[in-house]
Amino acid sequence: MSKNKLLLGSHVGFKAKNYLVGSVLETLEYDGNCFMVFTGPPQNFMRKELDQNLIDEAVKLMKEKNPLLLENIVVHAPYLINLGSPKESTRSLGLNQLIVEINRTNQIHSKLIVLHPGSALDSDRNVAINHIADNLNKAIEATDNDVIICVETMAGKGSEVGINFEEVSKIVSGVKNKKRIGVCLDTCHMHDSGIDISDPDQTLEEFSKYLDLSYIKVIHLNDSKNEIGSRKDRHDNIGYGKVGFDYLVKWAHNEKLANVPKILETPYRDDKPIYKQEIINLNSKEWKE
């Protein structure tokens, strides 16, 4: 079992040969209690058929080593999906891929898929929001499982939609099946979009003006290389960036979020991940390199 008291883990690989087994082994190495994967390349829609034998092996490994992992697998949808595009062909392509991703998420025993909601490009933002909600409804109707689509808060690059709680709530409100929709709060994205996250309780209170806290299904716990409101979306390691270690510790230990998986998506240092040390630091509330 993990010494990690928090429901805390990281993005891990999903590489050829071992796939989910490799993801679990990497998570155990970092002493994580949850993890997130892409089930294929983040930047394209190429996907290999999942090996059920490897999935079964991974499930067995999780049950033996840390049963919490089996309950807290998160999948991230590919970045190319844009359900808010003014182009119908782009929306249709994204919808079809999202359906594929939801079914793959279910196959690897995950119930949470994080989605970047999309960009308006040269169209009206409210029109884009309606497109996103409409296509989320179609994806949910087309998938016969209980996977929850978690709309991620965005940093505000270009014409990204979902850069504040109001926009995220409009998307969620447009989804008919509320059991299949949730939110992923990204600390770097919120900071970069201009949201003050120095006091999690205050931030959550502001969120609750738009949506119930029960909609928060995933936290992406990241520091930021940029000042608040920069709209840059450049993640930094915990304690190295402009958000700051003490504030991110508050997010990691917040009681209201105790049962929400917190995923590190921080950069490598010297070509190596430092997730294990970040998990130690966040648990102990003491920063060490």
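Backbone N, Cα and C atoms are what each Cβ position is placed from, and that goes for glycine too.
Residues or ranges marked as Zn(2+) 1 binding site in Swiss-Prot: His76, His116, Glu152. In sequence order, Ala77, Tyr79, Ile81, Glu152, Met154, Glu160, Gly162 are the residues of the chain that are 6 or more apart from His116 (Zn(2+) 1 binding site) and have a CB within less than 8 Å of its CB.
Annotation comment: Swiss-Prot describes Glu152, Asp186, His220, Glu265 as Zn(2+) 2 binding site.
Annotation note: His189 (Zn(2+) 3 binding site) sits in a helical segment as assigned by DSSP. For His189, Asp233, His235, the entry in Swiss-Prot reads Zn(2+) 3 binding site.
Taking a C-beta cut-off of under 8 angstroms and a sequence separation of 6 or more, Asp233 (Zn(2+) 3 binding site) has the following same-chain neighbours: Met154, Ala155, Gly156, Lys157, Cys188, His189, Asp192.
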